[in-house]
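Read the structure below first, then the notes.
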Amino acid sequence: MSTVAKTKCDIALFGAQGDLALRKLFPALYQLDKANLLAPQLRILGLARSPIDQENFLETVRIHLRKFTPTSEIDETVLARFLSRLFYFRIDFTDSTAYQALHQKLSETDNPLICYFATPAAIYGEICKNLHNAGSINKQTRIVLEKPIGYDLASSKTINDAVAKYFTEEQVYRIDHYLGKETVQNLIALRFANSLFGSQWDHNHIDHIEITVAETIGIEHRWGYFDRAGQLRDMVQNHLLQLLCLIAMDPPNDLSADSIRDEKVKVLKALKPIDTHSLNHHVIRGQYCAGSVQGEPVPGYLDESDSQNAQSCTETFVAIKAQICNWRWANVPFYLRTGKRMAEKLSQIIIHFKRPPHYIFAPEQRDIVENKLIIRLQPDEGISLQVLTKDQGLEKGMRLKPGPLKLNFSDTFHTQRIPDAYERLFLEVMQGSQYLFVRRDEIEYAWVWCDQIINGWLSQNARPQKYPAGSWGPISSIAMITLDGKSWHEDSV
Ligand SMILES: NC(=O)C1=CN([C@@H]2O[C@H](COP(=O)(O)OP(=O)(O)OC[C@H]3O[C@@H](n4cnc5c(N)ncnc54)[C@H](OP(=O)(O)O)[C@@H]3O)[C@@H](O)[C@H]2O)C=CC1
Ligand SMILES: O=C1O[C@H](COP(=O)(O)O)[C@@H](O)[C@H](O)[C@H]1O
């Protein structure tokens with residue numbers, strides 16, 4: 001794990017004119033510069049094929065930085081310093097003849113090189129080969145790969161194999177930006193620094209676990225990518241399974257990358273396969289239709305399509321009842337739910353503890369006797385433990401009342417802004433620390449589990465269930481959990 005220090009390096013950003021680069025990566029690098037965490041000599045090479053010059057490039061980055069960084073966080077001196085680190089280099093990544101000129105540019109310094117691939121994963125292998133043939137790679141070079149890596153297990157292996165011809169696993173940093181979120185890292189602190197929870201974290205004490213990652217945004221300009229992927233590949237295969245791993249894994253021996261990743265892999269291997277028999281009971285697949293999100297009317301998924309695939313069966317919502325077949329989690333269901341155009345932007349994990357073994361209070365209050373640990377990842381990051389107390393007042397007798405023991409991060413640590421995930425991830429790559437990145441076997445075991453669900457859907461050839469934009473998903477996702485005598489938690493922390 002890193003300590004914060006300025007590391008000498010150059011960053012080559014492949015796909016520097018793309019959505020991710022302009023919306024997330026340049027703003028994150030700017031924040032690191034502002035926090036004085038970039039080495040003075042660090043250069044950032046923006047690589048793209050658009051026929052623009054250095055001046056246009058800087059202007060595009062400047063405009064997007066202002067758009068995606070709160071005005072109060074823009075410091076004109078830092079902005080000027082940051083822009084002076086940026087160089088535009090026009091190149092088609094699949095044109096092998098263009099890499100000698102790039103090599104010349106990269107050789108202007110002997111700084112270790114970080115290559116960040118913010119491009120479609122299908123060309124990662126080709127970029128690696130071209131960099132290698134031009135002599136631009138050495139043992140110090142690190143590469144950062146964006147998700148999703150592949151479309152299924154087979155394509156993921158092809159990409160990983162192509163990259164592995166030129167880079168060792170220690171040089172490869174596979175991004176899952178959820179691992180860079182402060183609150184997600186906090187799961188490790190919460191679980192392994194507090195013996196209170198450590199001793200309660202198993203099937204003896206936990207009844208079930210919910211993981212919700214709900215978004216209010218639709219697909220908009222990413223339709224071309226998303227329609228091929230769908231919510232299972234876009235969100236479950238990576239972010240939700242990573243969250244599940246961090247919640248379910250056994251304590252790692254230490255905080256080294258491989259200790260943590262070894263434990264996560266054990267969880268992925270223990271996931272109960274969802275075969276065609278259990279598919280309809282354990283997986284709900286939805287697609288939003290027109291509705292309204294936070295008071296604004298919005299079109300349905302198919303209406304956003306530009307007629308590219310007006311009959312598309314791609315899912316924009318998935319709910320899954322997952323089970324982990326190991327000693328710790330025997331018979332503890334994990335309910336996962338994620339969707340676009342839902343009622344709120346909300347990512348949270350709820351741990352529902354078991355009720356006391358012997359009940360002594362008024363019979364009509366039986367239903368409220370449950371402790372819940374609510375871990376709010378975004379927005380309003382915080383942790384809240386619902387406990388039962390006696391309701392105050394002489395007339396109340398021994399009546400129970402649920403109330404929160406609450407830790408709201410922005411109130412408690414109000415002097416600090418919560419850094420964006422990509423800031424943390426850039427810092428870790430610069431420091432050479434892989435603990436927040438995903439190892440090849442993790443990706444592949446996650447695909448094994450997801451592929452079975454996708455293949456089940458294909459064999460059934462069924463359409464996803466409709467849900468109105470601005471709702472919590474198809475009714476059947478509520479029925480799925482209600483049939484088990486439980487309900488989704490949608491209240492605020
Ligand atoms: N956007 C997001 O929120 C997220 C994106 N990702 C991942 O990040 C990566 C980038 O995504 P995103 O920024 O959205 O995609 P974009 O399509 O917006 O950007 C990709 C960029 O790569 C460029 N590119 C593609 N092929 C070539 C080529 N042969 N030569 C030169 N440039 C090329 C494109 O150039 P051109 O415009 O000329 O085609 C484009 O600028 C993907 O792997 C995606 O899955 C992951 C999580 C979130
Ligand atoms: O990786 C992705 O994540 C975003 C959601 O990220 P968040 O940090 O805003 O929660 C999602 O919108 C996108 O479709 C997906 O590719």
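Placement of Cβ uses the backbone N, Cα and C atoms for every residue, glycine included.
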According to TrEMBL, H177, K181, D234, K340, K345 bind substrate; which one of E169, E215, E220 is annotated to that same site?
E215
Cβ under 6 Å from ligand 1: which of the recorded positions E215, D234, H239, K340 qualify?
none
Of the binding-site residues listed as R49, F93, K147, the one whose CA lies nearest the CA of K345 (substrate binding site):
K147
Any of the binding-site residues D92, F93, K181, D234, K340, K345 with a C-beta atom under 6 A from ligand 2? Give them in order, or none.
D234
Need this for a regression test: binding-site residues H177, K181, E215, D234, K340, filtered to those with Cα within 10 Å of K147 (NADP(+) binding site). What's left?
H177, D234
Using a 10 Å cut-off between Cα atoms, which of these binding-site residues sit near D234 (substrate binding site): R49, D92, F93?
none
Whole-number Å value for how far H239 (active site, proton acceptor) lies from H177 (substrate binding site) (Cα to Cα):
8
May I ask which of the recorded positions K181, E215, H239, K340 is closest to F93 (NADP(+) binding site) if we compare their C-alpha atoms?
H239
Of H177, H239, K345 (the recorded positions), the residue whose Cβ has the fewest other Cβ atoms within 10 Å:
K345
